[in-house]
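The feature substrate binding site is assigned by TrEMBL to Thr8, Lys40, Thr73, Arg87. According to TrEMBL, the ATP binding site annotation covers Thr8, Phe9, His16, Gly88, Val89, Arg90, Glu98, Tyr123, Gly124, Phe125, Ile126, Ser127, Ser128, Ser129. What TrEMBL records for 4-133 is domain 'Cytidyltransferase-like'. What TrEMBL records for His16 is site 'Transition state stabilizer'.
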Amino acid sequence: MKVIFPGTFDPLTNGHLDLIVRASKMFDEVIVLLAENTSKKTLFSFEERKLLIEDEIKDLGNVSVISSPHELTVDAARRLGASGIVRGVRNAVDFEYEKSVASMNRHLAPEIETILLTTDEKYGFISSSMIKEVAGFGGDLCGLVPEKTALALKNKLKEV
């Protein structure tokens, strides 16, 4: 089964990475779909995010990264021949949100399943927004994001 794992990944967190690795063990092919969320302003460009993700997944033979800036997730899944959309759920709030999104996706593309994976408890409190805030104040990102992402984030925040 081929699935997509969509997100903005701005930045990639260890929680994201854990879900990617776990999905790679469950499915034949995982496409990390670097998407645009019109309600979010990103810190990193598409290309920067793509390179950071590719660096972390290079040893996972069945995982690839594709940028998809201007289309619905279900349209991207169809275009890529994916039969599932993997999403991570940290808590009950995430679950309710993801349930609504899954219902809309089912309405738009009934042939595509949404698969919800619960996050590992050690990553359950991490969000990309929180990471950017902690980094903005010079906080320690050890264990929260991959090392190269932490360095890129530190350098990017110097530019802003």
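Every residue number used here counts from 1 along the chain in the order it is shown.
Cβ atoms are placed via backbone N, Cα and C, with glycine included.
A TrEMBL annotation is a machine prediction, not a hand-curated record.
Here the features listed in TrEMBL are placed on the structure.
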residue	record	DSSP (3 states)
Thr8	substrate binding site	coil
His16	ATP binding site	helix
Lys40	substrate binding site	coil
Thr73	substrate binding site	helix
Arg87	substrate binding site	strand
Glu98	ATP binding site	helix
Gly124	ATP binding site	coil
Thr8 (substrate binding site): nearby binding-site residues from Val89, Glu98, Gly124, Ile126, Ser128, Cα cut-off 10 Å: Ser128
Rounded distance in angstrom between the Cα atoms of Arg87 (substrate binding site) and Glu98 (ATP binding site): 8
Nearest of the binding-site residues (Val89, Glu98, Gly124, Ile126, Ser128) to Lys40 (substrate binding site) - Cα to Cα: Ser128
Rounded inter-Cα distance in Å - Ser128 (ATP binding site), Thr73 (substrate binding site): 20
Cβ neighbours within the same chain of Thr73 (substrate binding site) - under 8 Å, at least six residues apart: Ile4, Pro6, Leu33, Ala35, Ile85, Asn105
Maximum Cα-Cα separation in Å among residues Thr8, Phe9, His16, Gly88, Val89, Arg90, Glu98, Tyr123, Gly124, Phe125, Ile126, Ser127, Ser128, Ser129, which the record lists as binding ATP: 18
For Glu98 (ATP binding site): intrachain residues, at least 6 apart, with Cβ closer than 8 Å: Arg87, Val89, Thr114, Leu116
Candidate with sparsest Cβ neighbourhood (10 Å radius) among His16, Lys40, the listed binding-site residues: Lys40
Model confidence over the domain 'Cytidyltransferase-like' (4-133), averaged pLDDT: 95
